[in-house]
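Beneath this line is the structure, given in structure tokens, with notes to follow.
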Amino acid sequence: MAAIPQVSLIGCEKSMPVIGMGTSSYPPADLETAKTAILEAIKAGYRHFDTAFAYGSEKPLGEAIAEALTLGLIKSRDDLFITTKLWCSFAQRDQIVPTCKMSLQNIKLDYVDLYLIHMPLRLSQMIQKTPVDKEIIHPLDVKGVWEGMEECQKLGLTKAIGVSNFSCKKLEEVLSIAKIPPAVNQVEINPAWQQKQLREFCKAKGIHITAYSPLGANNTNWGDNRIIESDVLADIAKARGKTTAQH
Ligand SMILES: NC(=O)c1ccc[n+]([C@@H]2O[C@H](COP(=O)([O-])OP(=O)(O)OC[C@H]3O[C@@H](n4cnc5c(N)ncnc54)[C@H](OP(=O)(O)O)[C@@H]3O)[C@@H](O)[C@H]2O)c1
């Protein structure tokens, strides 16, 4: 695998490889399958892994990291960039630090590199599947939750903090009260859903945008085959000797 370019994040001494491996799968993979996939990714050269409490992939990621160290695939944990996310059921001021510590325990790490608010909302119950009942969806206490995220960074539980699925309006709210600005906004972006306004906003504010579902998320929850099956994208890729996904 060619060297993966890195990007600097505001407020973070460690740079982030711009290509990472997502660890979410639906239905969730069993622990051994997930661990093996992550180990293979490390062998292939991936150094950035994206997990979340909600994915159930924190534990297999932790086991894969431990095994990669034992096998000498990486010299130290610092060789990896690990992102995890605060799930909406824990999105209250007093739950942020304990929830971050719970994720660290799952991954068996002292710190993650990036801790994100998974979504700009709070759920008053744990959920097993989507869609969820409207009654359990509540507005996010942006100030309280962001203070909790900042505390995680100050305590050294994470090197950087950020958000996911935030609009320009929601980001304005965070920026208006933040002592540490969000380093990243992880959102859905693909050739058919380019989020131009959000990208321009984030660029102006120094917030790095990470794209998820860049190939269009053809899964049972959302998404379709429009990217992978696009004739235009296939022609562009073919001209460069690549598959659509590679390009
Ligand atoms: N922050 C958030 O709210 C959020 C939301 C969604 C995802 N994410 C993150 O983003 C990661 C990636 O999500 P994703 O939706 O892109 O899921 P994905 O399962 O990695 O890929 C989605 C689709 O792309 C296809 N695909 C993947 N690699 C391909 C290849 N090399 N050639 C052809 N088709 C390929 C898959 O096809 P097959 O099914 O045939 O393999 C699947 O249909 C997740 O694991 C998670 O870490 C974050």
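Glycine residues also receive a Cβ, built from the backbone N, Cα and C atoms like all the rest.
As written in TrEMBL, here are the features:
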ACT_SITE  TYR55  active site, proton donor
BINDING   HIS118  substrate binding site
DOMAIN    19-217  domain 'NADP-dependent oxidoreductase'
SITE      LYS85  site 'Lowers pKa of active site Tyr'
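Per-residue pLDDT, averaged over the domain 'NADP-dependent oxidoreductase' (19-217), rounds to 97. Neighbour density around each Cβ, counted as other Cβ atoms within 10 Å, peaks among the recorded positions LYS85, HIS118 at LYS85.
For TYR55 (active site, proton donor), other Cβ atoms within 10 Å of its Cβ number 22.
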